[in-house]
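One structure is given below, encoded as structure tokens.
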């Protein structure tokens, strides 16, 4: 006798593309980060081309927007996905992270509009973004405090970096009243953005290598992050006081280069999705090496001014390569696909390296078409993220 069940499996719940986008934190934050990055870079490109006129300094606009509206969203998406794994906690619910998305992006659009008004007006949008940022910090802290995991070293360092990002935002907000821009930039770029990217890199890159490459074992220094943190604090203080930061930059160059050599990341044995990440972190010695050259030349009385070349080696070469590398890996992995980088993806990574080199060379040799180089970099940024979106962003809207 054959028994046939009359029970039929329930139909899957139908969802819209927007509901799918909001269903996981990396989806909505990555999408918002891409949109905001294209908008902000397009506007700064139009400013350099003389087609629009911002009523705030380009430095303030560029530094704040890229740090707290663009890069923060990408790493918020990544960390809200990985923090629960690091700390053995349930994932965040949309009710917890969607208000953060609305505050940061609503504030971001307002920031763009108020850039045509005044620096004082920007404070309104910064306060809105700050509210979203505080909620993000509290959400990450909630994972930390409720976790029973014994080793919380890396997540503790990440939370310290986010706390310093909060300090950086407050300094930017105070700038129209107290002229705190130099300190705001140093704290936000080095102690927050650079440090959070480095913490994630030193946690994930050796881990990926050890889990992918047979025979590779992690060999990290116990106090690496502490030494880097102290040197970064020294650099920020010296630069805020307009004192030559040769000692701090030399220390950072030496500490980080030694650590990378110690890791022995296996470039040749790694698939493309890994070696592009391994490549990205070597932009860090390049950036601090350029700082050392600039500092030392000034000390000996033959100043070599490199403009913003060292900083862009970090921001374009390091941050952006890591952003696209981790972003690609997370999007593919969390959609049930195998994380990999085909020739299309590798070409995008190559374009990022070219973009970084163009911006670095423009700062070293500004007499040779500086403005054209900056505009080329802006166009390349938009092209790169446009092509990346064409391949990967649609996945974020899938069920």
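Backbone N, Cα and C define each Cβ position, glycine as well.
Tertiary proximity for the transmembrane segment (28-49) is limited to same-chain residues at least six positions away from its ends with a CB under 8 Å from its CB atoms, namely 21-22, 58, 61-62, 65-66, 69-71, 73-74, 76-77, 80, 97-98, 101, 104-105, 108, 112, 115, 327, 330-331, 371, 374-375, 378-379, 381-382, 385-386, 388-389, 393, 396. Residues annotated as transmembrane segment in TrEMBL: 28-49 (among others).
Annotation comment: TrEMBL describes 61-84 (among others) as transmembrane segment.
Per TrEMBL, the feature transmembrane segment maps to 96-116 (among others).
A Cβ distance under 8 Å defines the sequence-distant neighbours of the transmembrane segment (122-143), meaning residues of its chain 6+ beyond its ends; these are 56, 60, 64, 68-69, 72, 76, 79-80, 83-84, 87, 89, 92, 96-97, 99-104, 106-108, 110-111, 113-115, 155, 158-159, 162-163, 165-166, 169-170, 172-173, 176. Look at TrEMBL and you will find 122-143 (among others) tagged as transmembrane segment.
Positions annotated as transmembrane segment by TrEMBL: 155-174 (among others).
Sequence-distant contacts of the transmembrane segment (180-200) (same chain, six or more residues past either end, CB-CB distance under 8 Å): 59-60, 63-64, 67-68, 71-72, 75, 78-79, 154, 157-158, 161-162, 164-165, 167-169, 171-172, 174, 225, 228-229, 232-233, 235-236, 239-240, 242, 256, 284, 311, 314-315, 318-319, 322, 326. The annotation transmembrane segment is assigned in TrEMBL to 180-200 (among others).
What TrEMBL records for 221-237 (among others) is transmembrane segment.
Sequence annotations record features per position, and here TrEMBL assigns transmembrane segment to 273-293 (among others).
Within its own chain, the transmembrane segment (313-332) has Cβ neighbours under 8 Å at 26, 30, 66, 71, 74-75, 77-78, 81, 189, 193-194, 197, 200-201, 204, 273, 276-277, 279-281, 283-284, 286-287, 290, 338-341, 345, 348-349, 352-353, 355-356, 359-360, 377, 384, 388, 392, 395-396, counting only residues six or more beyond its boundaries. Look at TrEMBL and you will find 313-332 (among others) tagged as transmembrane segment.
For the transmembrane segment (344-364), same-chain residues at least 6 beyond its ends with a Cβ under 8 Å from one of its own Cβ atoms are 272-273, 276, 279, 283, 290, 306-309, 312-313, 316-317, 320-321, 324-325, 328, 370, 373-374, 376-377, 380-381, 383-384, 387-388, 391. The annotation transmembrane segment is assigned in TrEMBL to 344-364 (among others).
Under 8 Å from some Cβ of the transmembrane segment (370-389) lie the Cβ atoms of residues 34, 37-38, 41-42, 44-45, 48-49, 316, 324, 327-328, 344, 348, 351-352, 354-355, 358-359, 361-362, all in the same chain and six or more residues away from its ends. Residues or ranges marked as transmembrane segment by TrEMBL: 370-389 (among others).
Listed stretches 61-84, 96-116, 155-174 were compared with the transmembrane segment (221-237); the greatest number of C-beta pairs under 8 angstroms is found for 155-174. Counting same-chain residues at least six beyond the ends of the transmembrane segment (96-116), those with a Cβ under 8 angstroms from any Cβ of the stretch are 22, 25, 28-29, 32, 36, 39-40, 43, 52-56, 61, 64-65, 68-69, 72-73, 76, 80, 122, 124-129, 131-133, 135-136, 139.
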